[in-house]
């Protein structure tokens with residue numbers, strides 16, 4: 001009897017120890033976000049590679065051919081069928097067009113007919129913080145669930161905002177950048193966590209960021225780690241030892257992760273704004289040094305304003321070049337400042353969401369450079385339009401140079417505002433950078449009114465002159481700003497982009 005109790009006690013301790021070990025070192029599943037090749041043979045070859053690497057889940061955003069489905073079934077993959085609806089806002093589902101409805105019906109029907117499909121992704125990176133958004137999604141979710149009892153999910157940047165009555169789980173996009181690669185902290189609350197490793201472009205060739213990501217994952221829970229198929233195949237080709245790493249990730253409790261000698265890139269604050277700022281200040285120094293007229297007149301607008309305006313209308317300042325140079329400098333300064341603000345407040349995926357809804361703005365891709373170009377062109381257009389408007393509203397004015405000079409001179413204050421904004425950007429002071437950019441934009445918009453008030457004393461009727469210039473201009477600008485701030489669709493897109501942090 002004593003021996004029996006001893007063996008029973010020993011077995012209990014052993015079982016307890018095993019259960020504690022499993023709790024501390026949970027096993028992860030490996031999933032691939034698969035960009036399906038158009039060639040069936042290539043697709044089947046990749047599927048075989050995924051199978052050998054220990055991949056158990058495939059996420060696809062378009063139904064493949066029958067031959068590929070058969071290969072998926074033979075290899076025993078579980079499939080998550082994504083409907084490929086990216087960056088939706090409330091309006092997307094509350095007022096869907098016929099093409100969206102057809103897209104959802106066709107893809108959902110195709111996915112639901114396949115036994116290997118275990119979940120359907122309703123959308124990617126939507127306005128999940130808005131209750132109205134979830135209400136608009138509900139009807140689509142219910143139709144899919146009525147057809148077949150299947151789990152629904154969405155991709156998100158946050159694990160905190162999910163309507164469990166609509167979706168069963170979410171796949172959380174985890175960006176890994178030079179700034180956070182050594183400080184990743186993943187603390188999801190769910191028992192089963194679905195995490196999508198998304199390294200920045202400069203980190204994609206390196207193994208260490210992935211190791212840090214895996215180490216940050218809570219190993220006491222059953223996790224599913226998703227990676228991009230293109231990245232996975234590139235890493236296997238570049239680093240032969242990565243195959244063994246992935247196999248241990250999904251088959252062993254303790255991860256074996258040998259690393260080559262790698263030097264991770266340091267965080268890059270984007271040197272472009274600082275380079276542009278130095279070039280613009282260099283152009284100011286060159287202009288000051290080579291133009292006696294500009295050198296004599298630089299501060300007179302601010303220190304002897306009345307006499308400066310008199311000199312202009314007596315045509316003592318005849319060259320248009322100083323005004324043209326100042327207007328160009330102002331356009332470059334404002335473009336750089338808006339580039340900075342766009343970069344600060346919108347992450348790469350936020351920028352992608354913004355340009356997804358406004359594709360006509362992405363003339364230089366989904367990057368702040370597109371905003372830089374549009375701001376530059378818009379500032380030049382508004383400046384030219386303002387000068388022409390003022391010229392034709394005043395009969396006594398005989399020269400564009402007079403109006404251009406009066407209009408351009410106050411814009412020189414933007415050297416101070418934009419320099420402050422760009423400097424704060426380089427020191428990661430985002431709020432201060434945004435504040436000084438707002439000051440610069442306000443000064444630019446008010447420059448027309450400053451010019452209208454400067455030339456009013458040369459008009460026969462001051463009231464009539466104001467009704468032809470400053471008053472309608474102010475109404476137009478105010479109307480545009482009110483329209484942007486009250487346009488629900490525009491604000492929904494902007495809010496979505498800002499929340500994708």
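Every residue number used here counts from 1 along the chain in the order it is shown.
Using the three backbone atoms N, Cα and C, a Cβ is placed for every residue, glycine included.
Here TrEMBL flags 271-290 (among others) as transmembrane segment.
Residues or ranges marked as transmembrane segment in TrEMBL: 323-349 (among others). When Cβ-Cβ distances below 8 Å are used as the criterion, the transmembrane segment (323-349) is approached by residues 125, 157, 173, 175, 200, 270, 272-273, 276-277, 280, 283-284, 287, 294, 366, 368-369, 371-373, 375-376, 379-380, 383, 401, 404-405, 407-409, 411-412, 414-415, 417-419, 421-422, 425, 430, 433-434, 436-437, 440-441, 444, 497-498, 500-501 of the same chain, each at least six residues removed from its ends.
Residues annotated as transmembrane segment in TrEMBL: 369-392 (among others).
Under 8 Å from some Cβ of the transmembrane segment (404-427) lie the Cβ atoms of residues 269, 273-274, 277, 280-281, 284, 297-298, 301, 308-309, 312, 317, 320, 322-324, 326-327, 329-330, 333-334, 336-337, 340-341, 343-344, 383, 386-387, 390, 433-437, 439-440, 443-444, 447-448, 450-451, 454-455, all in the same chain and six or more residues away from its ends. Sequence annotations record features per position, and here TrEMBL assigns transmembrane segment to 404-427 (among others).
Per TrEMBL, the feature transmembrane segment maps to 433-453 (among others). Sequence-distant contacts of the transmembrane segment (433-453) (same chain, at least 6 residues past either end, Cβ-Cβ under 8 Å): 330, 333-334, 337-338, 340-341, 344-345, 379, 382, 386, 389-390, 403, 406-407, 410-411, 413-414, 417-418, 420-422, 424-425, 465-466, 469-470, 473-474, 477.
Per TrEMBL, the feature transmembrane segment maps to 465-484 (among others).
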